[in-house]
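For reference, TrEMBL has these:
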- 23-56: transmembrane segment (TRANSMEM)
- 62-79: transmembrane segment (TRANSMEM)
- 91-111: transmembrane segment (TRANSMEM)
- 131-157: transmembrane segment (TRANSMEM)
- 206-227: transmembrane segment (TRANSMEM)
- 248-266: transmembrane segment (TRANSMEM)
- 272-291: transmembrane segment (TRANSMEM)
- 311-332: transmembrane segment (TRANSMEM)
- 352-377: transmembrane segment (TRANSMEM)
- 384-406: transmembrane segment (TRANSMEM)
- 426-449: transmembrane segment (TRANSMEM)
Amino acid sequence: MACLDPLPLTPFLWSQAVLLRSVLAYVALAAALLALLPGAEMLGAAAVALVVMLGWQDMRKVPRAVFIVAILALVFALGRDPALIGQAAANMSRLAGLVLAVMLLSSVLGRSGDLRRISASLFSGKPATRYLSLAFGTALVSIPLNFGSVAVVGSLVAERIRSRGDSPETRNATRAVLRGFGSSPAFSPLSISVVLTLTLLPGLGIFSLLALAIPFSVALILAGLVWRVPEPTQTDVAAEQTAGWASWTRFGGLILAICAGVFVFTHSYSLSYAHSVTLSCMAAVIAARLLSWLQRQNPPLVNMGNVSNELAIVGGSAFIGAVISGAVLGQVSGSPEWPLWAWALLAASVPWTYFVAGLLGVNPIVVGTLVGGILGAVWPSEAVLGLGIGMVTGWSVTAFGTPFAANALIMERLTGYPARDASLRWSLALSFSGLAVAGLLAAVTTTLLL
């Protein structure tokens, strides 16, 4: 069977393959930006598929499995209703473009001196203050940086471990970074969780969702104060490393500008939420590039040749979700006539579904696709907020409480703390508490709206 294995590429051919994938990724991004043009979404979906297939040899098992299921969904749609393919390709192109735009924004901001100073200053203060600074700081940085926030702030924790060794301070700092990032899937308007939820539940409004999600995220971080280990007080951040008001103002202004752009594109131009986020993020990237040129700098273009895993999961899941949703809608007329308690119980189970699947290594994007695609098609429209809040809060707890989440693996690589300890064991009580509150919130919201 060894003869069936793919032939290894020479260094030259490998570099050319990476370059081709990078070019196709930029094509997919351009197609997502120009989604209003005829054929752009189909072009974007095709470019995403080519990036995935060209990077197949280097991909992990889960992204491969997701993309294979997406191909099966395509075959199903061709046989059942080819009209499903258009909407599925549109979802695939939009969400893939969103991921690429956020990755570009993360790369651009990663070179910012303001960001380095902000990250370093988060280590100052007493233990409780330091924990909250790291948690809320990581949550704030994660709005534009996504996973990049874990790498940026986590690298500071890693440096502490290298210079001073393992300590209660570094363990609590690791908890804070993971929990801070974990809160972002619930409250960040730029997160893939919020965008996917709004895409699969078109009747759900962003402001009503965030009105419930933001208090939940804040309470989750504050509750994390209970589950720490005692540590001595240290305030040893050098003055030149700390961020002043100017750094915080510039960074906060950037986040507000991106969010304002999303609001304008969504409400003034009636663009989809995913398309609006992509446009706003790219506006920030282009502005940063123009500023660099004015300063007589010319940073290299970001290489997008190694994004096959991300595009397979996000693009494949978006395609699967659209096909499932369309197929379910074609079989039902209105919502099932279930009793009120059944809808409430179903809403309460959504966050736990995310967490259990996460413990089994299933990506939250896949879970969200199935939950949103199936339940979103039959959920009572007047109570869709209950389903939406269950989805984003369940995603949030799964992001910091399961060992297979990407941020947990990044922190394991940086700090050396096993993901099963840092994410699962150290935060298990917080995870169960968060899931209980999330389930109750989803159930009560559903009950009140029905």
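Using the three backbone atoms N, Cα and C, a Cβ is placed for every residue, glycine included.
Across 23-56, 272-291, 384-406, stretch 23-56 shows the highest tally of CB pairs under 8 A with the transmembrane segment (91-111). The transmembrane segment (311-332) shares the most Cβ pairs under 8 Å with 23-56, out of the stretches 23-56, 248-266, 272-291, 426-449.
Remote same-chain residues near the transmembrane segment (206-227) are listed as 128, 131-132, 135-136, 139, 175-176, 179-180, 182-184, 186-187, 189, 194, 197-198, 266, 273, 385, 388-389, 392-393, 396-397, 426-427, 429-430, 433-434, 437-438, 441, 445 (criterion: CB distance under 8 Å, separation of at least six residues from the stretch ends). Between the transmembrane segment (352-377) and the transmembrane segment (62-79) there are 3 or more Cβ pairs closer than 8 Å, counting only residues 6 or more apart in sequence, so the two stretches are in contact.
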